[in-house]
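Report on the structure given below.
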Amino acid sequence: MNNKAKVDVMIFWPSIIVLSVLTVLLVIFRESAEGILNAIIRGVNTRLDWVFEFMTFGLFIFLLWLIFGKYKNVKLGLGEREFSNFSYGAMLFCAGMGTSIMFWSIIEPMYYLQGPPFGIEAETAEATEWALPYAMFHWGISAWSIYAFPSIVIAYSFFNKQNKSLKVSQSVKGAIGKHADGWLGKVIDILVIWSLVGGLGTSLGLGVPMISAGISHIFGLEESIFLSIIIIAIWTVIYLTSASLGLYKGIKNLSNFNVYIALGLAIFVIIVGPTSFIITYFTDSFGIMAQNFLRMSFYTDAINGSLFPQDWTVFYFAWFAATAPFMGLFIARISQGRTLKSMAINILGWGSLGSWIYFAVFGGYTMNLQLTGKFDVLESMAKYGDAATVINVINTLPLGFLAVVFFVILGFIFLATSLDSASYVLASIASKDIDDNKEPPRWHIVLWGIIMAGLSISLLLIGGLSVVQTSAVVVSVPVVIIYSLLFISIIRWLKTDKHNYEGEE
């Protein structure tokens, strides 16, 4: 793929201006802006909880319909598959979760232990039974249904409708017609860019403190803003190296390498940790999750008003929805030659399995530390904070120092692959006529990576990462409207198009 696409200045410059203006306003009016955004989040979570829950479950049902329905063998494009199932799954896992799953697989079950759902008493046997299942529920099939849906619609638009642009606006053409090429389409694409930057800010907000704590532990350094800036700078170097190699070498090789490290670390914990407890706790948790999937999917606690589902389930669904268009654009680009069934199964299967494995291993190990009294995780969270607690938990392993080193390396590469994927997608949105033989210019990809790194450093300096994290949820409200347009588009296309089925010449 030597041909390079031209920059779409109508997307590129407005996006840069919007991001710059928003950043400046948030810096100048940080105190009042943060309060306003937090109020909006509370309003979204408490008034639109049912919207996100019905939407997420509805997407899962739609994917089942695609997998088993008459359109399951519809092929995406005329070419052959570009990636093996393993490489395909590795890229999905790394781009979708990154440092977030490293953080939450250890911390999230502990939050549910001390603040369980359904009015269960905190820190009891029943609370322990529900802690891991709820975490697995949040990061499993529901999350990956949110990711899979836009991926499939965008891939169909790109390969089958010949909408030669990796823009969400082109994927809603079946719903809004010619307006997709006008100002409405531009607004949609700019909104997607904003949601991506906000979503990545959430990953940085989790990853930077965690890796900073790990670096401090390894080298005996004091945690500081300067150390966090160095971490972002090193991440950027890793990203630039990968981006300079292009999509096929850079992202694929980094993703494959990271999957081996992630699986190796998980296997190490299973072997040296409480193996029997990890496996049996996961088995019990999987059963509880499967048995109560419907209840958790629609739980709002309207009677008792504990706000557990609003603070956790709705927050996650909103966050995933905000970042899903980015995931959809990236996954679509690497899905040529697959059927709708294959694409849906791989995304749901690889994504959910990877998430469940990590929560089972690291969540189970952490819970065992708490229950046996070997390490008081809850006390560490209260005393040192969540990020430092993650490193403290890893350090309790045999060869703890070495485990922390590999954990930090894993986090570095996870974020690098997230930056890699995100910058490629941003450049694709802001480019013209991306097709089977064209990619965005590498300078364009690199530029977006530098912009994101620079923005992250600026926000670290002013202590504003929490504002960016908040924006990921705020922007999810208009994204729900985009999801509705995507649904109308794919239904219309499937019903009216002449399809190329797998096995046909």
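Each Cβ is built from the backbone N, Cα and C atoms, and glycine gets one as well.
Just so it is clear, the model here is predicted, and its values are computed rather than measured.
Lifted from TrEMBL, the feature list:
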{"type": "TRANSMEM", "residues": "12-30", "note": "transmembrane segment"}
{"type": "TRANSMEM", "residues": "50-68", "note": "transmembrane segment"}
{"type": "TRANSMEM", "residues": "88-107", "note": "transmembrane segment"}
{"type": "TRANSMEM", "residues": "136-159", "note": "transmembrane segment"}
{"type": "TRANSMEM", "residues": "191-219", "note": "transmembrane segment"}
{"type": "TRANSMEM", "residues": "225-248", "note": "transmembrane segment"}
{"type": "TRANSMEM", "residues": "260-282", "note": "transmembrane segment"}
{"type": "TRANSMEM", "residues": "314-332", "note": "transmembrane segment"}
{"type": "TRANSMEM", "residues": "344-365", "note": "transmembrane segment"}
{"type": "TRANSMEM", "residues": "399-425", "note": "transmembrane segment"}
{"type": "TRANSMEM", "residues": "445-467", "note": "transmembrane segment"}
{"type": "TRANSMEM", "residues": "473-494", "note": "transmembrane segment"}
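Only residues 6 or more beyond the boundaries of the transmembrane segment (473-494), in the same chain, are considered here, and those with a CB under 8 A from a CB of the stretch are 37, 40-41, 44-45, 48, 51-52, 55, 59, 62, 71, 74, 149-150, 152-153, 156-157, 160-161, 168, 171-176, 188, 191-192, 194-195, 198, 315, 318-319, 321-322, 324-325. Long-range contacts of the transmembrane segment (260-282) within the same chain, counting only residues at least 6 positions beyond its ends with a Cβ under 8 Å from a Cβ of the stretch, are 93, 132, 356-358, 360-362, 364-365, 367-368, 372, 397-399, 403, 406-407, 409-410, 413. Residues 41, 44-45, 48-49, 52-53, 55-56, 91-92, 95-96, 138-139, 142-143, 146-147, 149-155, 157-158, 166-168, 171, 192, 195-196, 198-200, 202, 343, 347, 421-422, 424-425, 428-429, 472-473, 475-476, 479-480, 482-483 of the same chain sit 6 or more residues outside the transmembrane segment (314-332) yet have a Cβ under 8 Å from a Cβ within it.
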